[in-house]
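Engineer: What follows is a structure written as structure tokens; I'll ask about it next.
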Amino acid sequence: MESSSQTEFSHAESDRTRGTSHDVVRGTIDDATRGTSHDVATLKISETFQSCQGEGKLTGTDSFFIRTSGCNLRCHFCDTPYASWNPTGDQLPIDQLVAMAVETGLQHVVLTGGEPMLPIQITSLCELLRDAGMHVTIETAGTIDRELVCDLASISPKLENSTPDSQQHPRWSELHQQRRMPIEVMRSVIDRSIDHQIKFVVTSLDDFAEINSVVRQLDVDADAVWIMPEGVTIEAMDAAASWLKPYCDDTGYRYCDRMQIRWFGNRRGT
Ligand code: SF4
């Protein structure tokens with residue numbers, strides 16, 4: 001297990017990752033959830049907490065999590081409906097969020113959601129956190145590009161298997177399909193970030209036709225791709241691991257357990 005004190009990182013920006021002088025916002029944003037010039041200093045936050053990163057290359061790293069509220073997608077399996085289907089939370093000043101992160105004494109902060117790239121204020125929050133010397137991971141579905149540089153873009157493209165039922169949620173089913181896979185937006189997020197990882201939630205081996213196509217189009221290395229089973233119980237993850245892990249071993253993709261469920265169970269604040 002990697003502790004935060006053992007983790008080293010660099011804030012040095014290469015030309016490849018440095019932002020441009022003009023604002024870059026691509027992707028699809030709901031008018032209802034888009035930031036405005038009137039609330040530029042606050043963000044709607046559903047929760048903040050200190051925990052251990054349970055997924056991906058920083059698994060085991062003590063981190064401060066800031067979960068924004070609001071999402072432009074509606075995955076049927078969303079495990080944070082309080083930040084997507086029914087977004088709740090309080091408007092918190094960005095300065096306060098930075099102070100809270102610094103007070104933890106941790107090096108790592110994770111901006112998650114919901115969709116943290118949805119509010120325009122995320123750009124300022126990310127910049128101020130990095131100015132304070134923190135390593136910033138952004139966990140995003142990759143459908144919105146902002147002019148910001150983060151240390152780790154953790155992109156979780158939403159596959160066909162994520163689309164909500166068209167009978168139950170006709171509007172969201174259509175919007176979700178339209179928005180979920182803008183390859184050029186994801187590629188831009190990767191290019192402006194210091195480091196990246198791509199995470200997919202898999203329900204069956206049939207999903208790999210789409211995964212392989214997305215990985216090809218994104219032009220990312222197989223060892224930057226993390227495959228996670230769908231499931232919010234240890235039993236479900238164990239069952240999926242029996243067929244999914246061997247498949248990942250064969251393809252070169254990395255199998256990704258959800259350690260937070262093993263450590264804490266499926267509950268908020270972990
Ligand atoms: S993108 Fe993430 S937060 Fe949004 S609905 Fe899907 S799983 Fe939930």
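Placed from the backbone N, Cα and C atoms, the Cβ positions cover glycine too.
Sharing the feature lines straight out of TrEMBL:
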REGION    1-24  region 'Disordered'
COMPBIAS  10-24  compositional bias 'Basic and acidic residues'
BINDING   CYS52, GLN53, GLY54, ARG67, THR112  substrate binding site
DOMAIN    58-267  domain 'Radical SAM core'
BINDING   CYS71, CYS75, CYS78  [4Fe-4S] cluster binding site
BINDING   PHE77, CYS78, ASP79, GLY114, SER156, PRO157, LYS158  S-adenosyl-L-methionine binding site
BINDING   THR80  Mg(2+) binding site
Engineer: Using a Cβ cut-off of under 6 Å to any atom of ligand 1, determine which of the binding-site residues GLY54, PHE77, ASP79, THR112, SER156, PRO157 qualify.
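Structural biologist: None, by Cβ distance under 6 Å.
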Engineer: Counting all other Cβ atoms within 10 Å across every protein chain shown, which of the binding-site residues GLY54, GLY114, PRO157 scores highest?
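Structural biologist: Most Cβ neighbours within 10 Å: GLY114.
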Engineer: So if I measure Cβ to Cβ from PHE77 (S-adenosyl-L-methionine binding site) and keep only same-chain residues at least 6 apart in sequence, which ones fall under 8 Å?
Structural biologist: SER162, VAL201, GLU230
Engineer: Looking at substrate and its recorded binding residues CYS52, GLN53, GLY54, ARG67, THR112, figure out the farthest C-alpha pair and report it in angstrom, whole number.
Structural biologist: 15
Engineer: Want to know which binding-site residues, from GLN53, ARG67, CYS75, CYS78, THR112, are within 10 Å of LYS158 (S-adenosyl-L-methionine binding site) at Cα; which are they?
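Structural biologist: Passing the 10 Å Cα cut: CYS75.
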Engineer: Round to the nearest Å and give the CA-to-CA distance linking GLY54 (substrate binding site) with CYS78 ([4Fe-4S] cluster binding site).
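Structural biologist: One finds 17 Å between the Cα atoms of these residues.
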Engineer: If you measure CYS78 ([4Fe-4S] cluster binding site) to THR112 (substrate binding site) at Cα, how many Å is it?
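Structural biologist: Answer for this pair: 13 Å between alpha carbons.
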Engineer: If you average per-residue pLDDT over the domain 'Radical SAM core' (58-267), what number do you get?
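Structural biologist: Across the domain 'Radical SAM core' (58-267), the average pLDDT comes out at 93.
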Engineer: Rounded to a whole angstrom, what is the C-alpha distance between THR112 (substrate binding site) and the residue listed as 'Mg(2+) binding site'?
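Structural biologist: The Cα atom of THR112 (substrate binding site) is 10 Å away from the Cα atom of the residue listed as 'Mg(2+) binding site'.
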Engineer: Using a 10 Å radius around each Cβ and all protein chains in view, which of these binding-site residues has the most neighbours: GLN53, SER156?
Structural biologist: GLN53
